[in-house]
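According to Swiss-Prot, the SUMO2 cross-link annotation covers Lys115, Lys181, Lys319. Annotation source Swiss-Prot lists domain 'KH 1' at 13-75, citing sequence analysis. The domain 'KH 2' feature in Swiss-Prot is assigned to 97-162; the stated evidence is sequence analysis. Per Swiss-Prot, domain 'KH 3' is recorded for 284-348. The feature phosphoserine is assigned by Swiss-Prot to Ser169, Ser185, Ser268, Ser361, Ser362.
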Amino acid sequence: MDTGVIEGGLNVTLTIRLLMHGKEVGSIIGKKGESVKKMREESGARINISEGNCPERIITLAGPTNAIFKAFAMIIDKLEEDISSSMTNSTAASRPPVTLRLVVPASQCGSLIGKGGCKIKEIRESTGAQVQVAGDMLPNSTERAITIAGIPQSIIECVKQICVVMLESPPKGVTIPYRPKPSSSPVIFAGGQDRYSTGSDSASFPHTTPSMCLNPDLEGPPLEAYTIQGQYAIPQPDLTKLHQLAMQQSHFPMTHGNTGFSGIESSSPEVKGYWAGLDASAQTTSHELTIPNDLIGCIIGRQGAKINEIRQMSGAQIKIANPVEGSTDRQVTITGSAASISLAQYLINVRLSSETGGMGSS
């Protein structure tokens, strides 16, 4: 696949997420939202912006490829305009490049970098853009930031090439999306980072289309398509089962006995081995989460029943640190394969979202 496929469309739907500072986002939104409204109307893309009480915010672009890149070009042009305005009274000798950050699943970064860095070198040389892939995942997520800098056309071409790589190499395991931490709430939910921008209280989860985004702002019938972000690359039967577990958990609280998320015996072979085998041969790693003290109980459950269910279903080891005096949070360490860790994170987030009403019931 080459960038001609991206440019030609072929009914491929993309979802691109940009991580921006509040000032940049304010410029894109414009006075009374006029700027972003114009971008939506002229591009035909869905443009959603995460809640405003964070130092950083996520801008999500979704739609057919031609609409996505029209909107993307308009955003780049706006950033370029802002640089020009800032240079008017500046004494700086050189003009800074346009710089932005993409947010992508960490499991796809290897394909983007390539063996010995050959792929990312090729992208740099062919587009003229500077590209840097962050070594660490963004907090409470399985995603990394990719920083791109250059002139507008170089950045646009660079992002197109990145999209091609992402489409050819879908993410592995469950993607936990990065959500900038609001100043008023430390909880990270699995339902996507833009839920508050529409005022909706309900979360949208994938049903039978494996390429749908876990993003409540992008509701409605999906196109037959690939998506780049939020895609689940686990087999469809596994995805359907995970969805059923999550949905039934939101409607029927977990019991205090051995019944699990879906009312199935959590000690049964169906649950105990099903998810644990997703990536059983993979290298063992660890990931840390921070959960507020007042919500840790819903993760542990009575006599540890709920945390044990999550351990059995994911195959991961989960350790919850003892309370620290003066701290409002508890440290949770998850150890296992990448797939086990991702699934454990997902199930923990389901519990948090259900407890706080974030998943709702319909």
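Each Cβ is built from the backbone N, Cα and C atoms, and glycine gets one as well.
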Between the recorded positions Lys115, Ser169, Lys319, which lies closest to Lys181 (SUMO2 cross-link), Cα to Cα? Lys319
Quick one: Cα separation, Ser169 (phosphoserine) versus Lys319 (SUMO2 cross-link), in Å? 32
Lys115 (SUMO2 cross-link) to Lys319 (SUMO2 cross-link): how many Å between their Cα atoms? 35
I want to check the contact list for Lys319 (SUMO2 cross-link): same chain, sequence separation of six or more, C-beta distance under 8 angstroms. What comes out? Val332, Thr333, Thr335
When the recorded sites Lys115, Lys181 are compared by other Cβ atoms within 10 Å, fewest goes to Lys115
